[in-house]
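Report on the following structure.
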Amino acid sequence: MKVSRQQYADLYGPTVGDRVRLGDTELLIEVERDLTTYGEEVKFGGGKVIRDGLGQSSAATRDDANVPDLVITNALILDYWGVIKADVGVKNGRISAIGKAGNPGTQDGVTPGLTIAASTEIVAGEGLVLTAGGVDTHIHFIAPQQCWTALESGVTTMIGGGTGPTAGTSATTCTPGQWHIHRMLESLAGLPLNFGLLGKGNASTQPPLAEQIRAGALGLKLHEDWGTTPAAIHAALSVAEDYDVQVAIHTDTLNESGFVEDAIRAFAGRTIHTFHTEGAGGGHAPDIIRVAGLPNVLPSSTNPTMPFTVNTIHEHLDMLMVCHHLSPRIPEDVHFAESRIRPETIAAEDVLHDLGVFSMMSSDSQAMGRVGEVITRTWQAAHKMKVQRGPLAPDGRADNFRARRYVAKYTINPAIAHGISHEVGSVEVGKLADLVLWSPAFFGAKPSLILKGGLVVAAQMGDANASIPTPQPVYPRPMFAAYGGCPDATCLHFVSQAGLEGGHLPDVGRRYSAVKHTRDIGKKDMQLNAETPDIQVNPETYEVRVNGELVTCEPVDELPLAQKYFLF
């Protein structure tokens, strides 16, 4: 029996050779492999395959290691490692198998770990794109409402610092000291995401920093508003080396304690995560962007400058004034703000992402960044670069390489940078089943279904009083996995190994997981985003050159994944 490609796609989703458009962008992905078996596909529904004795085993029980708790059928997986069609199994909250699901008693080729039984739930992935949950590593914990906004956008892990709408938190991503760290670990345990806290890294001696790591901080944050001097940089990195944690840095915009060359010397070849590496969010003016080419620097962007549009420059001045407690009535404050907002370096940032020089995307939530737009702006930037720069080699009739490069920026690479990639960051066996399902038409804008630890934690849901789930108004709403004790069973708090072993962490009900392998990594470990070119900035014109060639792009006045999808 033969069916047309269109009929097959309608039944089971796209297969090898089919292309899928992502949202209303110009990006197309093509199915590279199909791990399901033609003629033996599993699908749930009336008159379909997953029924007792057909696609569902009559005898297998949950005690069988091959029986998953959940199967996502016929999903199109988009991850840094490829674009494939497969069934995905989840057991005990973790991805247990990727391949072909079904009943080995009646079907050939069922992948070990994907035997569907009476204890197996089904999520219909036909026609949907499956990605890993996003990892946002630049969170100012100003308001708990951020967490719901981030979750409903497809982010499942938040790393940063803060204690609420205080002056320190509104400007800097630090949770200072043991008391604040423990109270925030207790507070965040009530929310259905994974969390990690950055301690305050600004001290020129090591003891005040080390005690925060032992208290459970998963890393340290250096911020210029607290004084990012070469001595503080050296002390923070020295503690990080001792405890195997990451250091994130916002360098000295005013160049008061040194220039970018002094910061590089203080790094001394040690691994460091540079926030908003373009500089509008802060950092040595005008040339902090140079560090993106260093092998020990893990560079990220924050999303308000991404991608470069006709409104980017105008909104940044007011944004900066509010976030850093500046006054438009004080000339020195105005000059400080203007020194950080440079069209030339912002224009270069888009291209450096496309070249794989900038490795990560993040939000800078409510502190010059939008917590619910990390994923959207990543794909807007990818679209803009395809339109302005053309296909990205080796792409041809589809944009698989570009899509894999960009999805890595908010999934696997931030997870690697902060030592949590053994738990989250990709669609791979053994990792937490933090997964996001997208209708292709809404890809990058509005997830259909968000799974946290293998359970649906949020979804597009219609009127609760309707006779079916789909009547308007349809918008993202928390689901059962967001309530009661479920978040404790499906979510993690990431802490230092020293904090975990010290025995002094508060009993918050959820599992702690220690970060690891943050010091033996470098730019080479940033998946598909590991380029280390020579970057130079003209100190008078601010033009950016990469290996001697001018790098720039034009701002755009229209983007996809925007007004068509959102009223506000």
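Using N, Cα and C of the backbone, Cβ positions are placed for all residues, glycine too.
Note that the structure is predicted; figures quoted are calculated from it, not measured.
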Same Ni(2+) 1 site per Swiss-Prot - residue from LYS85, LYS200, LYS221, LYS431 joining HIS138, HIS140, ASP364:
LYS221
Which of HIS234, HIS250, HIS314 shares the Ni(2+) 2 site with LYS221, HIS276 per Swiss-Prot?
HIS250
Spatially speaking, which of the recorded positions HIS138, LYS221, HIS324, ASP364 is closest to HIS250 (Ni(2+) 2 binding site)? Use C-alpha to C-alpha, please.
LYS221
Winner by Cβ contact number (other Cβ atoms within 10 Å) across the binding-site residues HIS140, LYS221, HIS223, HIS276:
LYS221
Quick one, of the recorded positions HIS138, HIS250, HIS324, which Cβ has the fewest other Cβ within 10 Å?
HIS324
What whole-number Å value do you get for the CA-CA distance of ASP364 (Ni(2+) 1 binding site) and HIS276 (Ni(2+) 2 binding site)?
9
If you count Cβ atoms within 10 Å of the Cβ of ASP364 (Ni(2+) 1 binding site), leaving out that atom itself, what do you get?
29
PLDDT averaged over the residues of the domain 'Urease' (133-568):
97
Taking the center of the Cβ atoms of LYS221, HIS250, HIS276 at the recorded Ni(2+) 2 site, which other residues in this chain have a Cβ no more than 8 Å from that point?
HIS138, THR172, THR173, LEU222, HIS223, ALA248, ILE249, THR251, THR274, PHE275, GLY281, GLY282, GLY283
